[in-house]
Amino acid sequence: MGEAEVKDNEVYEEDLVDYEEEVENGADGGAAAANASADVVKKGYVGIHSSGFRDFLLKPELLRAIQDCGFEHPSEVQHECIPQAILGMDVICQAKSGMGKTAVFVLSSLQQIDPVAGQVGALVLCHTRELAYQICHEFERFSKYLPEVKVAVFYGGVHIKKHKDLLKNDCPHIVVGTPGRILALAREKDLSLKNVRHFILDECDKMLDSLDMRRDVQEIFKMTPHDKQVMMFSATLSKEIRPVCKKFMQDPMEIYVDDEAKLTLHGLVQHYIKLSEAEKNRKLNDLLDALDFNQVVIFVKSVSRAAELNKLLCECNFPAISIHSGMTQEERLTRYKNFKEGHKRILVATDLVGRGIDIERVNIVINYDMPDSADSYLHRVGRAGRFGTKGLAITFVSSASDSDVLNQVQERFEVDIKELPEQIDTSTYMPS
C-alpha cells in the first residue's frame, strides 16, 4: 500500500467521531464497555400473548432458527411490531429494556430481504461498536439457515482498509455499523447505499439527541433510496424526540408498549444504600461476598474509576474484568467475549454498557456511582432481569445530587425504591 493511501486512512481514523465516548474532565473520558450479545433469550420471554412465532407466517428457515434459540412465544413488543414490520411499514417503537426489540428488526429484515450479489439491502445504525457487534451476532444467529445472506459489521477502531476490501471482494447484503465509519465508507464510494430497502436505527434517541451524530445519520439517510422501510427503536423515547424520528418516516406505525412514566422493569428488585464516598469499597466487597449472583455489572462514572475499581476487586480475588476506551479494539472484544461466555463473573463499566447490550446471565446491577439522569438509571438497571427474568439493582447514594437523581427516578417511573434491608431473600432476585 502506498504512503499516500496510508495517510488517507490515518485521516479517516482521526475524523471518525467515537460517539461512545463522552469526555469527562479530559483524561477520564467515557468508557467502552462491552457486553453481551442480545441473546433474545434462551427459554424465551412468555408475554401476555400466547400465539407463537408461526402465526407471523415467517420463512421456515427463520422459524427453525427461532426454535434453535429456544423461543416459544413472542414478547408483547414482538407481537405488536412484527406483523406490520414484515409488510414493509415504517415503525417507531419504544418498549422497556429486555423485551426483544432487536429481534423485531432482525427477523423483519431477514423475512423481507432478497439477497442480490454486490448489493447492500439493509442498513442498521447504532451508537456504539459493542452494540453494533452484538446486533451483527443476532443477524448471524437468525440467518443460520439462510446461508446466502451475508452480514457484516463496520465501526471505528478497525483499519478502514479492511472494511474497504471486504466491501469490494465479498459485499454483504446486511450492514450493521456506527454512523462515523458508515459515513466514511459511503463518502468514499466504497459502500453503496443506493439499493438499501431497510434503514434501521437502534437506540435511536441516543443518535438523534446528539447534533453531530444526527447530522451523520441524516447524510447517510440521504444516500439511500426514497422508497424504503425505516424502523427506529429505543427503550426511552421522549415526546420531544418523537417528532425528530418521524421526519425520517412516511406515516409510521407508532408502538409505545410502555407509558413513559411507568417504564418499570419486569421482575426487578430495586434498593439503595446511603453511605459516604469513603465507604463504597468496603460496602461493595461486603455485597459481593453476601449476595448470590450469576454475573454482576458494576457501573461507575469514568474510565479511570473503572480501571481503579477493577484493580481493587482483582486484588481482593474477585473474578472481575473492565472494558474501556484505553484498550485496543481487539482487547476490548476479547474481554467482551470473556464476560459474555461466563469466564468472568463481574464487569466494571461506565454508562456505555447501559444501553441495549444484553447478557442473559447478569442478574445483579450495582450503581457504584449514581447515574446523572433517570434515563441513564433505567438503561443501567435494565441490564439485570432481562426478558422478564428476576434481577436485583442496588444503588449507592453518597451525595445530595445522588439523592436528587434517585427522587427523579421514583417520581418519573412511579416506583418506590427502598433502602437495602439487612437481609434480602435470594428467591426475590435469583431465577429458580
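Cβ atoms are placed via backbone N, Cα and C, with glycine included.
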In Swiss-Prot, of the candidate ranges 202-205, 238-241, 382-385, 386-389, the one given as motif 'DEAD box' runs 202-205
Looking at 51-79, 312-340, which one is motif 'Q motif' according to Swiss-Prot? 51-79
If you count the C-beta atoms lying within 10 Å of each candidate's C-beta, which of the binding-site residues LYS96, LYS101 ends up with the smallest number? LYS96
Can you break down the domain 'Helicase C-terminal' (283-428) into helix, strand and coil residue counts using DSSP? 64 helix, 27 strand, 55 coil
Can you count the other CB atoms that lie within 10 A of the CB of GLY98 (ATP binding site)? 27
